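Heads up, the thing below is written out as structure tokens.
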Amino acid sequence: STAGKVIKCKAAITWEIKKPFSIEEIEVAPPKAHEVRIKILATGICRSDDHVTAGLLTMPLPMILGHEAAGVVESTGEGVTSLKPGDKVIPLFVPQCGECMPCLKSNGNLCIRNDLGSPSGLMADGTSRFTCKGKDIHHFIGTSTFTEYTVVHETAVARIDAAAPLEKVCLIGCGFSTGYGAAVKDAKVEPGSTCAVFGLGGVGLSTIMGCKAAGASRIIGIDINKDKFAKAKELGATECINPLDCKKPIQEVLSEMTGGGVDYSFEVIGRIDTMTAALACCQDNYGTSVIVGVPPASEKITFNPMMLFTGRTWKGSVFGGWKSKESVPKLVADYMEKKINLDGLITHTLPFDKINEGFELLRTGKSIRSVLTF
């Protein structure tokens, strides 16, 4: 009954940085050709969303944030053949068009249809599907899930198992897949190896689960919040360190603990100082360090190139290296078969209108993953 019509619904709008989310009534236009309108039923709160509200990631405002979600297709635009109303889906902030070089390359996944590097905050035709009080509202990295309804391109949607619990599998839209894949797919952690994970939030804990699944024998969690250590050990960390308790730089401590450096390190925070520390703590000839945390937009990194000359590998990881549209349904199937643990990451489930409380839990380190339900 709503197909082809403008839908009025609730959304949390970011009007300006360093201000709380404002819940407003918005208008959501019908999907255009090759677009899908989705009724969002659950969305996770991710640190990347908070980076925007804090001003660390520059985005065009006003904007509807949110990118880790699950919902049901409400209607489809002209030419959409792979999805139909009623399908359970996960929106994808890394699309998969299947035609560009990263999509065609077996080791690529950052489809050129993404809106990550130089975000326009608009759909492919250069317009928005959201309005509020007569103003256009920008989209966030092609997803925008802090709203009851959103519109995404069909290349940025994965259909999933109709029996999947959306308030759990929404984490596959970002946090879990990003961390788990960084270990098993991008770093290709080997059995018996030693790993260090900097940052024990939802993505860092997912990285720990990936290291464990890959057969790492020693997994060292690093965080300045000791309250996260018990959960990290529950999910696979063999030991945890608070750098504030160390008399030496953390990279020196890790090098001494491991007899010369770890095999794999993961920076899952998004800070320049921890990125260089994670690189330095790797074994200098064959260690691999992976940047998983979103780096601050305006900062530059300085390091001694000898750290790479000796043989270390330094690489980045976006969405865990997964080809999104084909991999997300498989990860959901793995959850349904109890091969992966999402429940252990979710510490809070809140109604959507408590979004500001959810972000406060994140900022104060009291949550791992909070999920908002509609």
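Backbone N, Cα and C define each Cβ position, glycine as well.
It should be emphasised that the depicted structure is a prediction, and the values quoted were computed from it without experimental measurement.
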- Item | Residue in Cys46, Cys195 which Swiss-Prot records at the Zn(2+) 1 site where His67, Cys174 also bind | Cys46
- Query: Do you know which of Arg37, Arg113, Arg369 Swiss-Prot groups with Gly199, Leu200, Gly201, Gly202, Val203, Gly204, Asp223, Lys228, Val292, Gly293, Val294 in the NAD(+) site?
  - Reply: Arg369
- Message: Other residues near the Zn(2+) 2 site, CB within 8 A of the CB centroid of Cys97, Cys100, Cys103, Cys111?
- Response: Pro95, Gln96, Gly98, Glu99, Met101, Pro102, Leu104, Ile112, Arg113, Thr155
- Taking Gly199, Leu200, Gly201, Gly202, Val203, Gly204, Asp223, Lys228, Val292, Gly293, Val294, Arg369 as the record's NAD(+)-binding set, what's the max Cα pairwise distance in Å, rounded to a whole number? 20
- Item | Cα proximity to Cys174 (Zn(2+) 1 binding site), best match among recorded positions Ser1, Cys97, Cys100, Gly199, Val203 | Val203
- Task: Out of Cys46, Cys97, Cys100, Cys103, point to the one nearest Val292 (NAD(+) binding site) in space (Cα versus Cα); all of them are binding-site residues in the record.
- Result: Cys46
- Expressed in Å to no decimal places, the gap between the Cα atoms of Cys46 (Zn(2+) 1 binding site) and Cys97 (Zn(2+) 2 binding site) is 25
- Note on the structure: Comparing the Cα of Cys97 (Zn(2+) 2 binding site) with the Cα atoms of the binding-site residues Val203, Asp223, Val294, the shortest distance belongs to Val294
